[in-house]
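Trainee: This is the structure I want to talk about, given as structure tokens.
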Amino acid sequence: MRAQHSAGARWKKLLKLEFSAIAFLSPFLIPLIVFYIWPLLRGVWISFHTWGILGMQKYVGLDNYTKLLTNGDFFKYLWNSLYFVLLVVPIIILLGLILALLIQRKIPFQTTFRSIYFLPYVLSVSVISFIWLRMFDSKHGLVNVILESLGIPPINWLTDPGAAWWSIVIATVWWTVGFVMVLFLAGLQEISPELYEAADIDGASTFHKFRYITLPGLSSVMKVQIFFQIIAGLKLFGQVQIMTNGGPGDVTNTIVRYIYVTGFKKDMFGLAAAQSTLFCLFMLLIAAIQFMLLNRKES
Amino acid sequence: MAKVAIYSLTVLLAVIFVIPLVWMFVVSFKPEGVSAITINEWVDFSDLTLQNYKKVLTESQILRWTYNSLIIGAITTIITVLISSLAAFAFSRKTFKTKGFWFILCASGLLIPTEAMLIPLYETVLSMNLLDSNWGIILPSLTNPLGLILIMQFMNGLPKDYMEAAQLDGCKDLRLWWSIYMPLTRSAMISIGIFYFIMSWNNFIWPYIVINTEENMVLATGLPTFLANNVLHVNTIMTASAIAAIPTMIVYILLQKHIVQGVSMTGVKG
């Protein structure tokens, strides 16, 4: 009798602990469920329907998926986003590393340089897009004027299919490379100075110190950053929406802008939801690869 | 010699980085039609004018957008930091059976960006009648788990003595969190809060979709309307950009240390 009573009491106490903890979590959990988990599931549901913004709906099974898998547009624009990633990520990582190495040592105006390189990052995407829209203007833009003074013929940055992506890449690198630099600076500070002292005693060259001390010391920051930048690149929307409107033609149309146009400009919510769902799966795949690569090295 | 070359490169890169910004300010003070693309135009101070500023401030709703951005940023930051800290406290200091499940659920918020769920999120916000409102922007942005994870790691590093001592005194959990753990994690919360504010201030795609009347726009989504309105011209575009950039640049200069610290915190753990 007594044992039973205490078992019941322990049970009660456990439940109470459980609920008091969940009470602390709930202010975070409720918005998470309503504005993240629920829409994700809802998106799959919508993708099985034809659906307008006003809510006209009809169940069509997998029609939306067959439509977008047979029509090549989805893969074309997904490839455009991947192409941007291939252009921008190596540049941003390399330049971020170079900037961090340039100002890591005590030099005159060290913090001023850091502030300048990082400054564009705090501006919003519309501001940086406006600045570069004007910079790249073929007649009144500063870029062509500077090129001309160096003897290079002017380029139609925003309307030439070959140059349009580079305009977006240059604007993006200028905007976000300071972020990568700050993280590399933090990574450099974690490397023990004793390693460099020991290397100096052994008479190691600057290149050897970089290759065998600095680079390995930065490898974890670098891996996290590469994936962070890949994901940021796949999300590209604002710069192309403002600077090129996806053009010339559809050269700089990205997967996110494609979903946006399908859903909100053409009012095909069902089809856009199917595109969204496939894009989510693609992002999950990237996250899975990241998880596997980042954890393998540590174990 | 090598040192001089490296230093020159550092200076050259810095000049390349600031030129677009300086040019933006120069053009914003030039009369309509002057693009300031020659050295002579740069150093000619005789034609500087405030006309563009007057035009942008009176003919557009830019001040209204700035106000909206401020309000939305402040509310988002305060709520996110509070609910993240509360949840971090439970994960860090309470023992309960389903902890692992809830933690994975919270952390899963890192997996899918808003950009990949525009359509269903719009549907959700529409069904709650929140389109074209401040809350339609604020509520979906509260679910970023990055702050929760960082505050939790910070709390894990604190000694448990406080907890035990306070519990012996009969201190309730909520008071324990508010009067002991909140003050102890203040520096982390300031860095994270500033980071959230910048994110909210620069958030583009979601406000761009959810807001459709000019009056309710935020600064980031209001600016592109200048491209559609042909009334305003080349120089005024740069003036509008400058007006949008000035508050961020002032805040950046004042809080630089915190901002850089916040970025390194959030980015290294990524």
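Glycine too: its Cβ is placed from the backbone N, Cα and C atoms.
Curation does not apply to TrEMBL; its annotations are automatic.
Because the structure is a prediction, the values reported are computed rather than measured.
According to TrEMBL, the protein carries these features:
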DOMAIN    B:66-255  domain 'ABC transmembrane type-1'
TRANSMEM  B:7-26  transmembrane segment
TRANSMEM  B:65-89  transmembrane segment
TRANSMEM  B:101-122  transmembrane segment
TRANSMEM  B:134-155  transmembrane segment
TRANSMEM  B:176-198  transmembrane segment
TRANSMEM  B:232-255  transmembrane segment
Trainee: Count the CB pairs under 8 A between the transmembrane segment (B:232-255) and each of B:7-26, B:101-122, B:134-155, B:176-198, then give me the winner.
Mentor: B:7-26
Trainee: Which residues, given as numbers and ranges, are at least 6 beyond the ends of the transmembrane segment (B:7-26) yet have a Cβ under 8 Å from it?
Mentor: 36, 42, 238, 241-242, 245
Trainee: Six or more residues beyond either end and a Cβ under 8 Å away: which residues meet both conditions relative to the transmembrane segment (B:65-89)?
Mentor: 106, 134, 137-138, 141-142, 144-145, 147-149, 151-152, 154-155, 177, 181-182, 185, 189, 192-193, 196-197, 200-201, 216-222, 243-244, 247
Trainee: The transmembrane segment (B:134-155): which same-chain residues, six or more beyond its ends, come within Cβ distance under 8 Å?
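Mentor: Contacts with the transmembrane segment (B:134-155): 68, 71-72, 75-76, 79-81, 83-85, 87-89, 91-93, 106-110, 114, 121, 125, 181, 185, 188-189, 192, 195-196, 199-200, 203, 206-207, 210-211, 216, 218, 265-266, 269.
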